[in-house]
Each structure stands twice: as C-alpha cells, then as structure tokens.
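Student: This is the structure I have questions about; it appears just below.
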Amino acid sequence: MKTLSEFIVERQAEYPNAKGELSGILSSIRLLAKIIHRDINKAGLTNILGQSGIENVQGESQMKLDLFAHNTMKAALMAREEVAGFASEEEESFIAFDTERGRNAKYIILTDPLDGSSNIDVNVSVGTIFSIYRRVSPIGSPVTLEDFMQPGNKQVAAGYIVYGSSTMLVYTTGNGVNGFTYDPSIGTFCLSHENMQMPKEGKIYSINEGQYLKFPQGVKKYIKYCQEEDKATHRPYVSRYIGSLVADFHRNLLKGGIYIYPSATNYPNGKLRLLYEGNPIAFLAEQAGGVATDGYRRILDIEPTALHERVPLFVGSEDMVKKAQEMMEEFKE
C-alpha cells in the first residue's frame, strides 16, 4: 500500500523543476494531523475539553481544543523554511514569519485549525482545513496582507483532515483529489481513496433546518424541493446534517449530496469564512467534479475584501448545486 510520503515524492517527480517546498509543507501538515489525532483521541481523559474562556476575533467562544490546534499548527509551520506567513480563523491578523528564512519563503497558509470543535465534547467528528498560496509580495521582505487576500482560484493546494471513526487527510494540488487514512499501528497515512470523484447527482442535503424561518426564499424553496416526492428525480432526498463542515462535506464527497450554509436574517453575509473554509472546500469540490457557489457566484472567483470575510456556501454534487442556484436566482432582488 502506498504511503502519503511515497505519494508526495511521486507527484513531485512529475515536475522536474520542483524544489520540494510544497512537499515539505504537506509533510508538516501530515505531522500536525498525527498530533491532533493523538490529542483528540484522549480528549476526554485530559483537560482539553470545553471552553477556554476566551473569544476569537469573530466574538465566538474558543474551545480549548481550538487553541491547542491553532498553536500546534502555528508552531509546526514556523519550523518550516518554506512558509512565509500564516493566517488562522482564531487570530485577528495574519502572522508574518519575520526571520531570514521566513522572508525568503514562497508560500503562505490559511487555516481553520479545528472546524466543528463545539462537537468534540459529544464525540462528533471534527476537522482541520488548510489552504496554500504562493505569496505575491517580494521575496526577501515580510509578507503583507495582500498575500492573504487572494481569490481561491490562486490556491496551489488545499485540503482537510477529518478526525472521526478513522482519521483521514484529503488534499488537492490542482490535479485531482486523493485521500489517505491514518494507520495508528504503524503511524502512517496510507492512500485509501485515489482520485476521489463526487457523484454528479446526489440524494443527501445538509443544512441546519432549525434556522428555516431565517433563510432566503430561494433556500426555503430548495428545501421543499428536496422533501417532495418524485420518482423521476429520486426524491425525497435524505437530510443529513452533522454541524461540522468537514464531516458533512466529506460524506457528500463520497456519497453525493449538497451542503448549504446560506445567508440568514441573523447572518446576512453567511457565517462561514471565505478564506479559511469557503475557498479550500470549493477547490476540493471542483477538483472532484463538484460545484461551489455563494448562491450566485463561483466561490473561487470571489475577490476577498477582509481577512475574516464571511460567505454563504452551496457546495456539492453539480446537479444539486445548480438546482439550488436556479432557485436562488429566481428570488434574487
């Protein structure tokens, strides 16, 4: 069975001019996944469950594991000579690695260190999301905000780690999506899902229907469409919502479906973050044959205006996302 290390080396060999910098970053993320996997698996036995008593930049209560994952990822990336800077959902501003090797590095990382962390107390799957870009500021100087404010179509790699019944690392470098399952008996990620493809049609819709009254009219119509009986389109669809973006998306990637986190009266711009969640998930979806929009526009074409910008997200099987967008367009003001 092929390991993640072997896979990375093989892919690097396909590019004669590659210097191994991106491979080095992916190796750091592999190590990070092992560390977080270890601590999540013993979370109930150590004092890292529950709230930390601190709020993040969005005014949300940080869980202890949020801070642990954030600090672990920051430390792992600071140790890499390929990384010039880092931005996290948990920090108000980006972090420039202002050392000689940091100033001469080519890549920056954006991350949601622990997505769905509010679920960890009840043993529900959580995940880590990451996004990698080439910096646009001059090499030899510290990174700037401009380096992090790039549209998603400029990503060179993106992925997630899902910590569930097994731990999986799924990533793309723009040449398909591959998944690796962690074997704790040998401490290695092994290729388990090669060239992952999202079904064009799906039967699962994932949305928090408890917020139904706050949703736009187009979303309400699409929910009703999913619930209607129609043999020709295999409806009604199945409602499955975990409340952890990584876990919901991972299931729909494998089985086919749509994940929706729309705007709402209490979140007029949506709740998910464009740079930390929207862009990397959209990149993965498209590389697997899926579609990702904000209800009207392709996610990867949105020009960011703020580091913690929020965005509605409709992502999943092509036919389902297009149908939802059609209904959103119908009620567009």
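Going from the start of the chain as shown, residues are counted 1 onward.
Using the three backbone atoms N, Cα and C, a Cβ is placed for every residue, glycine included.
The model shown is predicted, which means the values in this text are computed figures rather than measured ones.
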Student: Do you know which of Glu229, Glu277, Glu286 Swiss-Prot groups with Asp112, Asp115 in the Mg(2+) 2 site?
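Tutor: As annotated by Swiss-Prot, Asp112, Asp115 share the Mg(2+) 2 site with Glu277, chosen from Glu229, Glu277, Glu286.
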Student: For the substrate site that Swiss-Prot gives with Asp115, Gly116, Ser117, Ser118, Asn208, Tyr241, which of Lys74, Lys154, Lys224, Lys271 also belongs there?
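Tutor: Only hit among Lys74, Lys154, Lys224, Lys271 in Swiss-Prot's substrate site, alongside Asp115, Gly116, Ser117, Ser118, Asn208, Tyr241: Lys271.
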Student: Beyond the listed site residues Asp112, Asp115, Glu277, identify every same-chain residue whose Cβ lies within 8 Å of the center of their Cβ atoms for the Mg(2+) 2 site.
Tutor: Glu89, Thr111, Gly116, Gly127, Thr128, Ile129, Leu245, Val246, Leu272, Arg273, Tyr276, Ile281
Student: Does anything in the same chain, at least 6 positions from Gly116 (substrate binding site), have a Cβ under 8 Å from its Cβ, and if so what?
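Tutor: Set apart from Gly116 (substrate binding site) by at least 6 residues yet with Cβ under 8 Å, we have Val124, Ser125, Val126, Gly127, Ile242, Gly243, Ser244, Leu245, Val246, Ala247.
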Student: Across all chains shown, how many C-beta atoms besides its own are within 10 angstroms of the C-beta of Asp112 (Mg(2+) 1 binding site)?
Tutor: 29
Student: If one looks at the chain holding Asp115 (Mg(2+) 2 binding site), which residues at least 6 apart in sequence have a CB under 8 angstroms from its CB?
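Tutor: Val126, Gly127, Thr128, Ile129, Tyr160, Ser244, Leu245, Val246, Glu277 - these are the non-local Cβ neighbours of Asp115 (Mg(2+) 2 binding site), listed in sequence order.
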